[in-house]
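Trainee: The structure is given below, and queries will be raised subsequently.
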């Protein structure tokens with residue numbers, strides 16, 4: 001037993017030793033990778049990067065940057081690369097002692113140092129590339145500026161007439177570029193690449209601005225010397241022609257406004273000659289705005305004349321229509337009021353319309369007189385005609401509505417008479433049906449309803465014979481009589497149907513009288529009620545007793561009665 005225990009312990013120890021050696025083998029691979037990485041980063045070409053700068057002009061800012069980067073290389077090597085060897089050595093020693101965690105910590109420190117060293121290299125590479133790129137950009141901008149300088153100088157010399165009085169100042173401004181180009185060469189020669197870049201970039205922007213001035217100045221001069229004076233002339237003679245055609249353009253103030261614009265235009269060329277183009281553009285924009293305002297006023301007058309010519313005849317027709325309709329209404333009202341009641345306000349409205357129409361005709365005559373003058377302001381005429389058109393349209397609408405009302409009075413009277421005749425005819429027809437029915441006698445309420453309808457009809461007929469007639473009151477009374485007649489007819493139909501139904505029920509029940517005493521008794525009661533004109537109650541009793549001996553028969557009898 002002891003032997004087994006000893007063997008087990010030995011096995012465990014052997015396994016533990018094996019695991020330790022396995023772990024140390026793995027850790028040693030990590031150390032070997034760190035050594036390989038150290039060997040790789042030792043070959044990073046710091047010096048080659050700096051060698052690219054040495055090809056440049058190592059003076060001034062370039063020399064300062066070069067020295068700083070060289071110093072950074074030494075510091076990076078001492079601070080980051082040199083301690084790596086020691087860290088790796090310590091890791092190996094600790095690993096031999098099976099201190100895995102401590103060994104790993106040393107390796108981690110070594111990797112962090114190498115990361116920092118690589119970052120230092122990347123930063124140096126970016127700085128070098130940035131300096132080289134800046135040198136390249138500077139040279140490209142410098143070459144472009146030299147080309148622009150020569151081209152601008154040549155353009156002013158070859159096309160001096162296009163720039164007018166601004167040519168001299170342009171030449172002066174262009175000549176200022178030459179010493180600034182030379183200054184760039186000095187900055188570059190001194191190695192001050194940042195200052196050189198700022199200088200040449202600013203110079204390039206100034207050249208671009210002056211180039212844009214050179215492109216804009218001929219257009220401004222053309223507008224100032226040719227286009228606007230031409231528009232002034234066209235506007236002046238155009239207005240003169242329109243005045244000959246009869247337009248009143250005094251409100252446009254052509255002469256005074258043009259003189260003011262010419263004075264304002266005279267200040268533009270001096271601004272151009274001083275290269276104050278923004279102020280020159282503002283003045284030109286103001287002049288063009290005022291010209292547009294004048295053109296708008298003139299165009300409005302021309303359109304107003306066309307509109308006046310189109311609407312004049314329409315307004316004439318509408319005024320004549322209003323006058324004729326007013327005369328017709330006055331005549332018609334005098335005739336109609338003899339036969340029909342008319343509100344006094346309607347008659348007053350017609351007289352008021354007459355006064356308004358006469359007033360509008362007077363205004364229209366004044367407008368025509370104004371249009372016959374040698375100079376007419378058509379915009380005012382247009383406004384006045386619009387006023388006339390609006391008012392005469394309202395008057396015509398109101399007169400037409402009143403005329404329709406007068407026509408409607410006659411139509412309403414005829415309709416009321418027709419309805420009254422239909423009521424009389426229908427009343428007699430219904431009453432004849434009551435008399436000819438199987439009723440023992442005509443119920444008293446129908447006699448009363450008939451007499452009431454007769455009384456109302458006589459009353460309305462008397463009102464029809466009176467003059468003037470109040471049509472609305474008559475129409476309302478006839479409508480009430482029609483309602484009475486409808487009620488009379490509906491109730492009469494109900495009674496007639498109930499009487500037939502009750503009679504059919506009693507006749508059908510006679511077959512059960514001998515066999516069923518209760519049937520005989522109930523039918524006797526139903527007959528009594530029938531004779532007293534109580535048809536609904538007679539139906540209830542007859543239905544009840546028939547259903548007791550023959551279920552469903554009453555529904556069949558009712559359907560036959562309805563079909564008849």
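The count begins at 1 with the first shown residue.
Glycine is treated like the rest: Cβ placed from N, Cα and C.
Pulled from Swiss-Prot, these are the listed features:
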COILED    99-138  coiled coil
COILED    190-223  coiled coil
COILED    271-300  coiled coil
COILED    350-435  coiled coil
COILED    471-550  coiled coil
TOPO_DOM  1-4  topological domain 'Extracellular'
TOPO_DOM  24-564  topological domain 'Cytoplasmic'
TRANSMEM  5-23  transmembrane segment
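Would you situate these features in the structure and describe their surroundings?
Mentor: Tertiary neighbourhood of the coiled coil (190-223): same-chain residues 56-63, 131, 134-135, 137-138, 141-142, 144-145, 148-149, 152, 155-156, 159, 162-164, 166, 170, 173-174, 177, 180-181, 183-184, 268-269, 272, 275, 277, 280-281, 284, selected by CB-CB distance under 8 Å and a gap of 6+ residues from either end.
When averaged over the coiled coil (271-300), pLDDT in the model lands at 84.
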Trainee: Same chain only, please: residues at least 6 beyond the ends of the coiled coil (271-300) with a C-beta under 8 Å from a C-beta of the stretch. Say none if there are none.
Mentor: 164-166, 169-170, 173, 213, 216-217, 220-221, 223-224, 228, 231, 235, 238-239, 242, 249, 251-252, 254, 257, 261, 264-265, 379
